């Protein structure tokens, strides 16, 4: 006569089987391939955990397995939501940025899909089995339970890297510039294992002699600004940089419903040096990456935000350069001072003062913080009292996904094919921010500051992505090819404005890493130790767009080509930038 196995045993095994199905589910939802490495790494991890569960008996064994299932299911769920928007998985560094979640509730709700509940629906019934009166099972011995499954699990875990080393002769089987590569090669579980190792390894990174040699070969030495008609045009003038949330170039000089979408920026372009082939280069730090790129001419980290991971490093930046020239410096943002850790990072970037929502009356709260109109109005008053010459970086906020602008603040009459869509909401908030900038310019003019100021405006990253292309196609009534998307719709604005400038388009291809050297040449200040190029002295060039932010694959875009993936030189440049930051290379080289 056979004795029935304890039902708890079946439930325990079922949890691991369901976790394996969640692996398949995750790759299906995120459209990432199920490679052999995904299977071997995932199976290895689950077998190892199953083996460790034999250290416990009865409900304790089920509790252990339930905890593993809960944690792994949460990892799948959170990564599915995150990867769907940012095209890269979560890293430990990004978990360190959880302080930002307070203001992102609407964005997270917008991104959540009900199908993601499949990752956790099985866990709802788990408490029933934990609270049941099933009899306890005996704990297996180390030989019969733990060691066999743990050993088998470890063998599966090393299967993929062993193949790459001994069969494919790969020198470093786990090296990848972006985290998505790890997900493709090793699965989400493997990605988090490798990411945890990298996080611990890099926390107190010390530069080796070889590292310093690599930096020396790639890192640009101090250089004089190149000759061009606007060299030192802004020397002694105030500098105001406006980083506009989610602003893309395709809205410029466009009308909808009989109205201009961006009338203020359209007027600015008539007195601006503008760059139609300009791209965002942000990765996991999103808006903070844009600030880092433009202020330092270094590329962001492949994992996490520099603002959170290395806020106390030494950086050569626009703010630090202008401070040496006698400028007062000020940063302005309409959210809490701790958002993106700016209160710790801004002093390292050379900002002597920092104004946030705490300093504003908060009469107009829109979306995540103070509305752009109130923020710009208050900032104009602050700048009127700011010692001259001054440099101010102003970061807008209202045009943030999900672009939920109250009806009474909307100015555009949208056609039915656009109204109520993500694109329609985006256009409304873009117009609102444009109006706010217009009010700001009028205040500067009435205060006598406009003529004596250089105003730089740029977008931080895209707000409408390639996955939303069908919305624009419906609006435009035409099909948009991949190349047209990258050239006409994926660019972000970059313009250098002053009433005395005659409007001109600069044909150079560039990105946010090129802002510092370009502005330095106009302001007549020093540009040292950066990886960017002066776009006023670069007739064409190629812009590098790293993957891991809002694009799934790294790109190189130039006048005659769009290439997926990076060349050896471009990859080395990104790796070198990573070393400079992690090793605090500039410390002692101010």
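Heads up, the Cβ atoms here are built off N, Cα and C, so glycines get one too.
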(message) According to TrEMBL, 460, 461 bind Mn(2+); which one of 13, 245 is annotated to that same site?
(response) 245
(request) Identify the transmembrane segment range according to TrEMBL, selecting from 36-55, 176-195. (result) 36-55
(request) Have a look at 62-83, 84-105 and point to the one annotated transmembrane segment in TrEMBL. (result) 62-83
(request) State the residue range annotated as transmembrane segment by TrEMBL; the candidates are 114-134, 198-218. (result) 114-134
(request) Rank 12-30, 62-83, 146-166 by Cβ pairs under 8 Å to the transmembrane segment (36-55) and hand me the top one. (result) 146-166
(message) For the transmembrane segment (146-166), give me same-chain residues lying six or more residues beyond its boundaries with a C-beta closer than 8 angstroms to one of its C-beta atoms, as numbers and ranges.
(response) 36-37, 40-41, 43-52, 54-55, 140, 173-174, 185-186, 190
(message) For the transmembrane segment (62-83), give me same-chain residues lying six or more residues beyond its boundaries with a C-beta closer than 8 angstroms to one of its C-beta atoms, as numbers and ranges.
(response) 8, 11-12, 15-16, 18-19, 22-23, 25-26, 29-30, 49-50, 52-53, 55-56, 89-90, 94, 108, 111-113, 116, 119-120, 122-123, 126, 129-130, 180, 183, 188-189, 192
(request) Check the domain 'Sulfatase N-terminal' (237-524) for me and report the mean pLDDT. (result) 95
(message) Quick check: with 245, 460, 461 left out, which same-chain residues have Cβ atoms within 8 Å of the centroid of the Mn(2+) site Cβ atoms?
(response) 243, 244, 246, 247, 280, 282, 286, 287, 290, 459, 462, 463, 492
